[in-house]
Amino acid sequence: MGRYIGGRVVSMLVTFLIIASLTFFLMKLLPGTPFNNQEKMSESQIQQMNEKYGLNDPVPVQYVTYMTNLFKGDLGVSFQQDGRSVTTIIGERIGPSAYLGFQSLLIGTIFGLLLGIIAALKHNTFLDYGSMIIAVLGISIPSFVIAGMMQYWVGVKWGMLPVAYWEGFEYTIMPTIAIAAAVTATIARFMRTEMLEVLGQDYITTAKAKGLTSTAVVIKHTIRNASIPIITIMGPMVVALMTGTLVIEQIFVIPGLGEKFVSSIMTNDFPIIMGTTLFFSILFIVVILVVDVLYGIVDPRIRLAGGK
Amino acid sequence: MRKTKWTVFLSLILVLSIFLSACGGGGNNNAGEGGNEGGNAEGGEGKSEQVLNLLESAEIPSMDTTQATDATSFNAMNQIFEGLYRLDENNKPVLGMAADEPKEEEKDGETVYTFTIRDDANWSDGTPVTANDFIFAWKKAMNPDSLSQYASMFGTAGIKNANAIITEGDPLYGKVDELGVKAVDDKTLEITVTQKVPYFKSLLTFATFYPQPKDFVEKQGDKYALETDTMLYNGPFVMSEWNHGDGWTFEKNPEYWDNETVSLEKVTYKIVKDVATGVNLYETGKVDRAGLSADFVDQYKGNEDFVTRLEPTMFFLRLNQKNEALANTNIRKALYLAYDREGLVNVLLNNGSVAAKYFVPKEFAFGPNGKDFREFAPDGFLADKGAEEAKAAWEKGLQEIGKDSVDLEFLTTDTELASKIAEYAKEQFQTKLEGLNVTINKQPWKQFLELETAGDFDISTGGWGPDYPDPMTFLYMFETGADYNRMNYTSEKYDKLVSGAKKETDLEKRWKMMQDAEKVLIEEDFAIVPTYQRGTASLMKPYVKNYFLHPFGADTSLKWVKIEGK
């Protein structure tokens, strides 16, 4: 296992370098300058600014400078916010995004699993149909619609929860529900399908034949085996949720990372684009590794290369 | 074996929940407090809580007065800093850091203004504001290394050598000590101008002309103005909190010379980008003012909280004369006349915007006689002409260029509003001008600017807001070869009038020249097609009094705001 992880870490580093390089060159294709107020700047002002920030250098030179600084741990400073470093900006914004992401994931997973299991066990009953209707709605209604409706009805009309801002637990409830809806739906549908498949397996028949109670069969054999593929979809989901969602953050006025990422692209804030992209890719690469390792642990049938 | 796997799973969940509860702790502190603020402070006669809660749509990019270029920064600065003057309710400059109106002395064609700085003008740490603090900030802005985009304002104010210092190749380039300003002593500031401009005092209210506490700034180095504790304040408020990306808070500045006038104890700003969220926050009393988009206007029109405001921001179409058809004056005239602006402002925008057949906005610049610049042509040019005249001009134009159809590309940005406006323009042009085919090219903002600057368009949408309270801030844009003249317009007559007005010292004559210039630009040359002057619609709680809005520089002044009868 140790050797396997060691090897994986090396290939992760390579992946990271490729992502960093590709992002850098793609970013250089973006039209326009990273400066605020470009519409009021004269040609010569733009030239002077480019000169100051090294944007007139040939792209390969800029690339080498960037990568050198990257290895020193220096991601640069934002163009849009005077002199503030990329690490500071990511640092102050990741908290709310990660918190909201984990909370939605937790809630979404719990409800998703429950709905999926109930639907499978009560296959072709109204409970099954009911669960699946919820799942289809959860997937097909966009989160901003759910968010907007909740904000208006629960927040304004009924006055039960704060409309927006990020100032305590009650402020997290509506955004969590808005994000968790899709998670619940995805996991419920997935779980139901897997459960149904597992229920048809020979080993379930065997277990029943052995005389196990149906509760034991469901808990020990069915749910456990059906959960394995869930881990696969959980990986990317963790990353996607933790890094924040633009729309939900805007609607509920949450100072998260998702909003910053999108706005940095709109404004050509190169250091922020690089910083957030690299941050997301590290998260992603690590999560994929964790998922693979978890596989080996949860399902003994899956052997990781090198581990015997 | 089996048990170990479940243990792994369970411990993962445990770790997750520990993480969650750890995160949850931090944000809770303000929750209770926040809940009370917006709600019911009713009953207390005249003793309303002096707290104002506002929204901004963007983060503050810079709090360094030499670096800021945007509305959010200028707005924040106007509440916590102060120049020699500040704008009052009627947008007239009133004394700020200056104790009195300056002494004026003329010699050798130059004018020397001598300002005395108030004895009680202090920074928030109690140290006095000195003449050197002004000179320090101004020279910092003029220094080419600081790349201050508004350094040109010193030249606009007519200050001696200002233009030369920022002109590359000039013998004075970069020599900031040659700037015509001098600290005679700690409280006496001399400004030498080579040209007296009528809006000199108004300019001094602009952020670039604020002082900076020299010793403090030098001590902070790179960190100056990045956080609340790396700034000093000399305005009505201090910035007590700045949560980047989330919002900021101002509190009354006890060191401010005129703090007796200031009523508000606290002002909070939150960054809210979604209009519907702003409206919902307003409805629940969390904020006292919220902007409205067109779709909310119908819902709130007639509501007592509904307010509109006419801004001095102009929108117009650039007609690129590189295009053979658009090089023809009659074709341009046809486009100018065919566009029905009423439909645009009443239906599409629906927010107090005004149809414009003029380029220098209404309610913005006032002449030597105190009258609005627009008075000479209040409804703009050819105001009574419309579709019929457009058709005639179009046919004449087509004949002159010897074609029976024209294809034009309409360059615009990719926001929802820009797209709607472009569709509207296309429909206007195509239905009224036979043989015209308009293709819309929607681009993201930065790409739009690249294409426009390169002159790679036939028609493009432009907008402009003033930098100083004078028609020249609009008219200089379209001189031959000027930076913003991206449509290859050139007119000797126009150039002569504009450059003449820049030098003219007789204010009446100067005013007339600028009016003539605008007439040439539009009624003779149809160089641009002005479309509308922007209005904004908002909701504002009736208990907010004396909330003053300004047409240039900072949008608002909170110095005089009072909460009454909340």
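The backbone N, Cα and C atoms fix where each Cβ goes, glycine too.
Curation does not apply to TrEMBL; its annotations are automatic.
The following features are taken from TrEMBL:
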TRANSMEM  A:12-30  transmembrane segment
DOMAIN    A:94-295  domain 'ABC transmembrane type-1'
TRANSMEM  A:100-121  transmembrane segment
TRANSMEM  A:133-153  transmembrane segment
TRANSMEM  A:173-191  transmembrane segment
TRANSMEM  A:230-252  transmembrane segment
TRANSMEM  A:272-298  transmembrane segment
Most Cβ pairs under 8 Å with the transmembrane segment (A:133-153), selected from A:12-30, A:230-252, A:272-298: A:230-252
Among the ranges A:100-121, A:173-191, A:230-252, A:272-298, the one whose Cβ pairs under 8 Å to the transmembrane segment (A:12-30) are most numerous: A:272-298
Chain residues outside the transmembrane segment (A:173-191) and at least six past its termini with a C-beta under 8 angstroms from it: 100-101, 103-105, 107-109, 111-113, 115-117, 119-120, 131-132, 134-139, 141, 143-144, 146-147, 150-151, 154-155, 161, 226-227, 229-230, 233, 237, 241, 245, 248, 251-252, 254
Distant-in-sequence neighbours of the transmembrane segment (A:272-298), which means Cβ under 8 A and at least six residues beyond its ends: 1, 5, 8-9, 12, 15-16, 19-20, 23-24, 27, 66, 70, 75-76, 78-80, 86-87, 89-90, 94, 227-228, 231-232, 234-236, 238-239, 242-243, 257, 260-261, 264-265, 304, 307
